[in-house]
Structure formats: structure tokens, C-alpha cells
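Student: I'd like to ask some things about the structure below.
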Amino acid sequence: MAAGSITSLPALPEDGGGAFPPGHFKDPKRLYCKNGGFFLRIHPDGRVDGVREKSDPHVKLQLQAEERGVVSIKGVCANRYLAMKEDGRLLASKCVTEECFFFERLESNNYNTYRSRKYSSWYVALKRTGQYKLGSKTGPGQKAILFLPMSAKS
């Protein structure tokens, strides 16, 4: 490029596509927990835990933006929403309630955290055993609260 020349960038495609394929952010995800290497799993009976097998159909999750920085997490196969109860338990609800909204934050280590909007100092977390961790036992800096969203396509 010669000094003083102006470069123009190509226009975005009409379909709004760009660096990411269409629907990229709406594709189902698996949430991989740094603590123990588990994927967050939502069962059809309402239980929530972690499993190491990424092929388990109940680890396929749909993260839906509800407002800026706030998501709901739905188990695709279970057709239930992740919820945090007032005692800190994680379970899966048939319908969306205030307990189903989580602040999604990208941390400096490139993992995401999911903090309850209703119980604002509690996080979604998995123990090293794959069991969920009570919200009241969670806090910033714990490995149990760190999740890596991975594609669940295929």
C-alpha cells in the first residue's frame, strides 16, 4: 500500500453474515466446566448435574439472551430451563421464572460465569464429582463456576 492511499473494506453481505456463519450465536452449546471436566447436563425429570461424555444428548443447551448480559439456559432434549432456587439448589424448570435468568460474563481467562440474577451473589457451579454446587457455596475465583461454551452441533 502506498503512503497516503486510502483503503476501503468490503461491504458486509446482505444477509448480515460476516466472520461467523449465519445462526452462529443461536446454535446449541455445551457448557464445559473447568472443575473436573464436566459438561452441564439438564435431565427431563428436572435434575441438573455434570457428565464427561459430550455425546450425552442432555448436555445440548440453548442459551437465549433475555436482555443485555442476561441469559436463560434451556436443555434442548429435556425442554426445561436451568433455575436456581432460594436455597441455592440447581434444578430444571418446565417454564421460565425469575430464577431462570443468569448474568453471563466473559472472564479474563476466557471462561464464562453464570451468576443468578435473582440471588445475585450465587453462581452456577459444578463440583469435581459432577454434582452441582449449592449457590451459597460459590464465589468469584472458584474453578467450579468457570464454563467454556462449546458448539453442540452434530
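From the backbone N, Cα and C atoms, a Cβ is placed for every residue, glycine too.
Among the features that Swiss-Prot reports, region 'Disordered' is placed at 1-20. Residues or ranges marked as heparin binding site in Swiss-Prot: N35. Residues or ranges marked as phosphotyrosine by Swiss-Prot on the basis of similarity to another entry: Y81. The feature SUMO1 cross-link is assigned by Swiss-Prot to K94. According to Swiss-Prot, the site 'Important for interaction with integrin' annotation covers K127, R128, K133. According to Swiss-Prot, the region 'Heparin-binding' annotation covers 127-143.
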Student: For K133 (site 'Important for interaction with integrin') and K94 (SUMO1 cross-link), what Cα-Cα distance in Å is obtained after rounding to a whole number?
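Tutor: That comes out at 21 Å between the alpha carbons.
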Student: Considering the recorded sites K127, K133, which residue's Cβ sits among the greatest number of other Cβ atoms within 10 Å?
Tutor: K133
Student: Between the residue listed as 'SUMO1 cross-link' and the residue listed as 'phosphotyrosine', how far is it from one CA atom to the other, in Å?
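Tutor: The separation of the Cα atoms works out to 6 Å.
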Student: Report the mean pLDDT of the predicted model across the region 'Heparin-binding' (127-143), rounded to a whole number.
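Tutor: Summing pLDDT over the region 'Heparin-binding' (127-143) and dividing by its length gives 97.
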Student: Where does the residue listed as 'phosphotyrosine' sit by DSSP, helix, strand or coil?
Tutor: strand
Student: What number of additional C-beta atoms lies within 10 angstroms of the C-beta atom of N35 (heparin binding site)?
Tutor: 19
Student: So of Y81, K94, which of the recorded positions has the fewest other Cβ atoms within 10 Å around its own Cβ?
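Tutor: Result for the recorded positions Y81, K94: minimum number of other Cβ atoms within 10 Å at K94.
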